Amino acid sequence: MTMSVNKSTLVLKVGGALMQCEMGMARLMETAAKMIASGQQLIMVHGGGCLVEEQLTANGMTTEKLDGLRVTPQEQVPVIVGALAGTSNKILQGAAIKAGVTCVGMSLGDGDMVSAKVKDPRLGFVGEVSPKSATYLEFILSQGWMPIVSSIAIDAAGQLLNVNADQAATVLAKLVDGKLVLLSDVSGVLDGKGQLIKSLNRSQVEELTNIGVIEKGMKVKVEAALEVAESMGQPVQVASWRHAEQLIALSNGEAVGTQIQPD
C-alpha cells in the first residue's frame, strides 16, 4: 500500500470513557478506516481511567490523585499495567479490527520509542517520557497499519511506569512530528456557561485556570496541548470522539473543537 507523504501523521489521544461507549468506539474506528484508506497515517494513544478504577476497586484498592494526576503506589502497578496495557489496549484493538483497521497493540515500552524516568517520587511509579527513536513507529505506519499505544512505559532499570496518557500522546506527536488531537467526551474546552471556546493561548488558559473554569482532568489535557503547541510551533486540537466524522475535516486542514495555540 502506498502512503501519501504530504499529510502529517495524526496522533489521536482517547480517554477511558470511550471504551465504555461501543457506538463511540465503532464510529471512531470506522472514521479511522476511511482516513487510513485515503493515505492518512494515524497513531492512537489511550488511557483507561475508568477500567483502572474498576480493577483497583475489585482488588480492594483506592485511588489518590495529586494535581489531577494519579498516584501509583508499588502494589497497584500490576493492576494498572493489566488494565491499560492489557484490557484497554485489546478492547480498542478489537474495535479497530471489527472496523477493518489493521492495527498493532503496543505500549510506550516497545521499540525504543521513548526514554522513561520517575516523574516525581510523591506520585510513586508515575513516569515521565521523552522521545527517543521513531524507527519502529515509522515502519508500522509505512505499512498502512495503526499503532494503538498504551501509556505504560519502562525505564532503563526495567521498572514499569504509569504515564499520563495526554503526556504520552504529546511525546509521540513530537517523535513523529505529527499533529496532536486530544479526544474526550466533551467537544473541547467549555466556558463557564458551557459554550465551546474555539481557540485558546497560554495567557487565556492561565486566566481561565485561575478563575476555576479549566480544572482537574481538563487542566492536565490543556497543559499537555499547550506544551506540544509551543514546542512544535503549531496548534493542537482538543475535540470529542462523539463526533468522530469531524476528524476527516481536521485531516483536510479544518479546525474542530478547541484549538490550543502556541503564543
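Yeah, the Cβs are placed from backbone N, Cα and C, and that goes for glycine too.
If you look up Swiss-Prot, you'll see Lys13, Lys221 marked as site 'Transition state stabilizer'. Residues or ranges marked as substrate binding site by Swiss-Prot on the basis of sequence analysis: Gly48, Gly49, Arg70, Asn162.
Checked against Lys221 (site 'Transition state stabilizer'), the recorded positions Lys13, Gly49, Arg70, Asn162 differ in C-alpha distance, with Lys13 being the nearest. On the backbone, the CA of Gly49 (substrate binding site) and the CA of Lys13 (site 'Transition state stabilizer') stand 13 Å apart.
The substrate site is set by Gly48, Gly49, Arg70, Asn162; from the centre of their CB atoms, other residues of the chain with a CB within 8 Å are Gly16, Gly47, Val52, Ile80, Ala83, Leu84, Ser151, Asn164, Ala165. Secondary structure at Gly48 (substrate binding site), as computed by DSSP, is coil.
The sparsest Cβ neighbourhood within 10 Å, among the listed binding-site residues (Gly48, Gly49), is found at Gly49. Each of the recorded positions Lys13, Arg70, Lys221 was assessed for Cβ neighbours inside 10 Å, and the highest tally belongs to Lys13.
Gly48 (substrate binding site) sits 11 Å from Lys13 (site 'Transition state stabilizer'), taking the C-alpha atoms as the reference points.
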